[in-house]
Amino acid sequence: MALAGSRCALVLFTILLMTAAASGAKLSNYYYYRTCPNVETIVRNKVNQIVTANRGMAPGLLRLHFHDCFVRGCDGSVLLDSASHTGEKDAPPNFGSLRGFAEVDAIKATVESACPGVVSCADILALAARDAVVKVGGKYWSVPLGRKDGFTSSLVEANASLPSPFSTFSQLVQNFAAVGLNAKDMVILSGGHTIGQAHCAVVIPRLYNFNGVPGATDPSLDPTFANLLRTLCPADQPLTFVGQMDATNATFDNKYFKAVQSRRGLFPSDAALITNSFGRRVVSIAAKNPGSFSTDFGKSMVKMGRIGVLTGAAGEVRRVCSAVNNNQAL
């Protein structure tokens with residue numbers, strides 16, 4: 001009976017592989033089983049090297065995947081250099097703040113040396129985001145693969161699609177709903193800020209002349225925390241680096257939600273999470289249950305990773321991530 005069961009399982013597994021390979025219409029955990037079976041190990045090893053050398057690259061790689069998926073879907077468009085028109089990486093929400101482009105190029109080059117022309121940059125972004133989170137303490141999740149790379153990148157679309165750190169709760173819900181993610185996904189994915197970092201430009205409007213009132217501070221900020229932030233962020237120094245966004249300094253945990261509950265979130269969008277009863281409930285659960293948060297984060301990342309994906313013949317596998325295969329971004 002056990003042998004028969006094993007044979008049935010093997011047959012079923014083979015059918016699943018064949019279906020995934022033939023379809024191209026769906027992402028699959030087995031997409032590279034035949035064409036690049038070691039891709040996950042290759043990417044993980046390279047990400048581990050990168051994050052070991054610079055722990056701050058963990059949030060950089062996570063944010064790259066996020067910013068990719070919210071504009072044109074998860075198609076690697078954020079990686080394209082500007083050519084005939086200005087691309088996403090040069091849009092104000094990205095320019096000067098997105099990090100990890102050189103690191104993704106290095107990961108891609110390592111993958112290409114093992115499996116030339118097989119693994120898309122979009123899939124590398126999805127894997128690198130997961131592996132970076134795991135490297136700094138997050139829980140592993142399976143990443144369905146099979147994305148193809150897109151052919152175009154647009155500053156205008158990035159400006160229109162990316163969530164703003166100044167958004168209200170309802171604005172955040174609408175922004176996430178536009179790409180098929182619900183309010184819980186929005187709150188849980190905001191937890192990625194637990195390994196995030198920030199510059200004073202986003203904090204200063206909350207500390208000085210809030211809402212145009214001379215000397216006013218955002219009342220949603222804890223006063224003691226506001227005093228600390230004023231020492232870190234003088235009003236005339238928006239480019240100053242304020243540092244990590246929770247107390248555990250680039251460790252993936254639920255401390256971000258504890259900070260938000262204590263009115264110590266850096267961004268207005270962090271503070272917005274507890275201005276709504278549903279948001280407060282999700283924040284409270286995540287703050288009390290680190291394991292539950294990590295599990296939910298992986299589930300929401302899988303959902304995000306399916307946004308607008310190109311599969312089959314709809315896209316291509318770029319040879320380098322910064323340019324389409326005719327070497328000119330459209």
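Numbers run from 1 along the shown chain.
Every residue, even glycine, has its Cβ placed from backbone N, Cα and C.
TrEMBL entries are annotated by machine, without manual review.
Not measured: the values here are computed from a predicted model.
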Of the candidates Cys121, Cys200, Cys233, the one sharing a disulfide with Cys321 in TrEMBL: Cys121
Cys8, Cys36, Cys200 - which one TrEMBL pairs with Cys115 by disulfide: Cys36
Among Cys115, Cys121, Pro163, His193, Cys233, which are recorded as recorded positions, the nearest neighbour of His67 (active site, proton acceptor) by Cα: Pro163
Additional residues surrounding Ca(2+) 2, by Cβ distance to the Thr194, Asp246, Asp253 centre under 8 Å: Gly191, His193, Ile195, Met245, Ala247, Thr248, Thr251, Phe252, Asn254, Lys255, Tyr256, Phe257, Ala259
Integer Cα-Cα distance in angstrom, Arg63 (site 'Transition state stabilizer') to His193 (heme b binding site): 9
Length of the line joining the Cα atoms of Gly73 (Ca(2+) 1 binding site) and Cys115 (disulfide bond), in Å: 25
Those disulfide-bonded residues listed as Cys74, Cys200, and which of them has the most Cβ atoms within 10 Å of its own Cβ: Cys74
Integer Å distance between the CA atoms belonging to Ser77 (Ca(2+) 1 binding site) and Cys321 (disulfide bond): 9
